[in-house]
Ligand SMILES: Nc1ncnc2c1ncn2[C@@H]1O[C@H](COP(=O)(O)OP(=O)(O)O)[C@@H](O)[C@H]1O
Ligand SMILES: CC(=O)N[C@@H](CCC(=O)OP(=O)(O)O)C(=O)O
């Protein structure tokens, strides 16, 4: 029997600020018999490398238009430096972790969203979980860079929030948490602790939820199901209180405790 799966998406905005208690909390999860899986972003690191190389990029609806030269940088940064830095930090806290990208073991199969508008940006069509299951047997925490591969072997750039949601769905995760650089969903600078699906939709419509928060909330809404009744958005830099970080919980039904 596989342990209950907890998928944590660590945003590029927060990777360098992750608190010691975040890593201690992760170790505590393992000690409680849970199997953490990490999917990470790396938007700011990609941006800075593209600037150093003087390669221009543009965004459409929060997604980076990915030409071939951009893709080379995205893969180098995400599957290379960001992934390995995170694995090293986890291991320094006694969490046995191994890094992989969505190409390894055919983990994230994808197809282009729109070659014309977005270039090599992929949407996940299938998650091949074999390689993850092999790591689970050894109690290793997979650390996944959101690079996908299509049937022809072409590599794609996948938004890390949507990659995390696809992984959570495929693994029938018990918990999905988006770890980011804000305390949760804010309205007029105040944290909203709980939201229903319809309240989220209203906050998207009135522009309260915008930019980088949009793919997180959309991914959360797409992932809620009978098994996964709630999704959390939390700040990775905050000190945890008894393994628990306050943030926003998006609930399928507000009656769920
Ligand atoms: N209602 C909101 N509450 C909080 N943050 C929001 C909201 N709407 C948009 N944001 C933005 O979303 C950002 C988080 O998304 P992003 O920068 O993509 O982070 P990550 O790298 O963690 O995915 C916040 O820093 C904030 O600028
Ligand atoms: C298609 C697309 O936009 N991909 C993202 C992948 C990284 C990511 O999602 O990183 P964050 O979680 O830090 O935002 C990008 O190129 O920036």
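The backbone N, Cα and C atoms fix where each Cβ goes, and this holds for glycine too.
TrEMBL annotations: computationally assigned, not manually curated.
Feature annotations, reproduced from TrEMBL:
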DOMAIN    5-235  domain 'Aspartate/glutamate/uridylate kinase'
SITE      9  site 'Transition state stabilizer'
BINDING   42, 43, 64, 157  substrate binding site
SITE      216  site 'Transition state stabilizer'
Let me know the most crowded of the recorded positions, choosing from 9, 64 and counting other Cβ atoms within 10 Å. 9
In the chain carrying residue 216 (site 'Transition state stabilizer'), residues 6 or more apart in sequence that have Cβ under 8 angstroms from it: 9, 161, 178, 180, 233
List the residues of the same chain that sit at least 6 positions away from residue 42 (substrate binding site) in sequence and have their Cβ under 8 Å from its Cβ, in sequence order, or write 'none'. 12, 15, 77, 78, 82, 145, 160
Quick one: of 43, 157, which of the binding-site residues has the smallest count of other CB atoms within 10 A? 43
